[in-house]
Amino acid sequence: MKEIVIASNNQGKINDFKVIFPDYHVIGISELIPDFDVEETGSTFEENAILKSEAAAKALNKTVIADDSGLEVFALNGEPGIYSARYAGENKSDEANIEKLLNKLGNTTDRRAQFVCVISMSGPDMETKVFKGTVSGEIADGKYGENGFGYDPIFYVPKLDKTMAQLSKEQKGQISHRRNAINLLQAFLEGEKNV
């Protein structure tokens, strides 16, 4: 069985990859390097994902997958972007990030936004590959729903007439930015199998 190493300490992400890649042995990097951490010094999701996957691939001499993701709000020139997890400051809660975003948007009528996920795959004998997924929506006027995490309670998906937090895990999994990026990664891996 082929192995996929995920350059993340986030068990939720690792579990998502395990479900999506049942034919692979999926392990988190902390199982191999307990204190692995890469400072995200890039200015884009792509740069940060590549920093993580290339550092992990070099440390392990193995093929590694990493991702970087976040929310971009058009009226805020793409904020919070790469700072999505720490928009209100280091170690602040999802609630604090949401509050800052809603306050900054105020009564702005242009509430278009997108979730972005960039997955990068690096290895010792390969050029780094990058796969980007997005999901478009709008920022709601308040929080709705109990599911999900992060900005899900305020990310409204017009075609479903619900926020991400009002969707079941299965519904969100079918349309999410991470799912879209993983679909591209899967297509690439399937193509590699058939070569």
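Even glycines carry a Cβ here, placed using N, Cα and C.
Sequence annotations record features per position, and here Swiss-Prot assigns active site, proton acceptor to Asp68 based on sequence analysis. Residues near Asp68 (active site, proton acceptor) in space but far in sequence (CB under 8 A, at least 6 apart, same chain), listed by position: Glu40, Gly42, Phe45, Glu46, Asn48, Ala49, Lys52, Ile82, Cys117, Val118.
Within 10 Å of the C-beta atom of Asn10 (substrate binding site) sit 12 other C-beta atoms, taking all shown protein chains into account. The feature substrate binding site is assigned by Swiss-Prot to Ser8, Asn9, Asn10, Gln11, Gly12, Lys13, Ser69, Phe149, Gly150, Tyr151, Asp152, Lys172, His177, Arg178, with sequence analysis given as support.
Its Cβ taken as reference, Glu39 (Mg(2+) binding site) is surrounded by 9 other Cβ atoms within 10 Å in the chains shown. Annotated Mg(2+) binding site per Swiss-Prot: Glu39, Asp68, in sequence order.
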Original post:
Closest of the binding-site residues to Glu39 (Mg(2+) binding site), Cα to Cα, picking from Ser8, Asn10, Gly12, Gly150?
Top reply: Ser8
**OP:** Using Cβ-Cβ distances, find the residues under 8 Å from Ser8 (substrate binding site) that belong to the same chain and are at least 6 apart in sequence, listing them in sequence order.
**Re:** Ile14, Gly28, Ile29, Lys52, Ala66, Asp67
Original post:
Taking each of the binding-site residues Gly12, Gly150 in turn and counting other Cβ atoms within 10 Å of its Cβ, which one has the fewest?
Top reply: Gly12
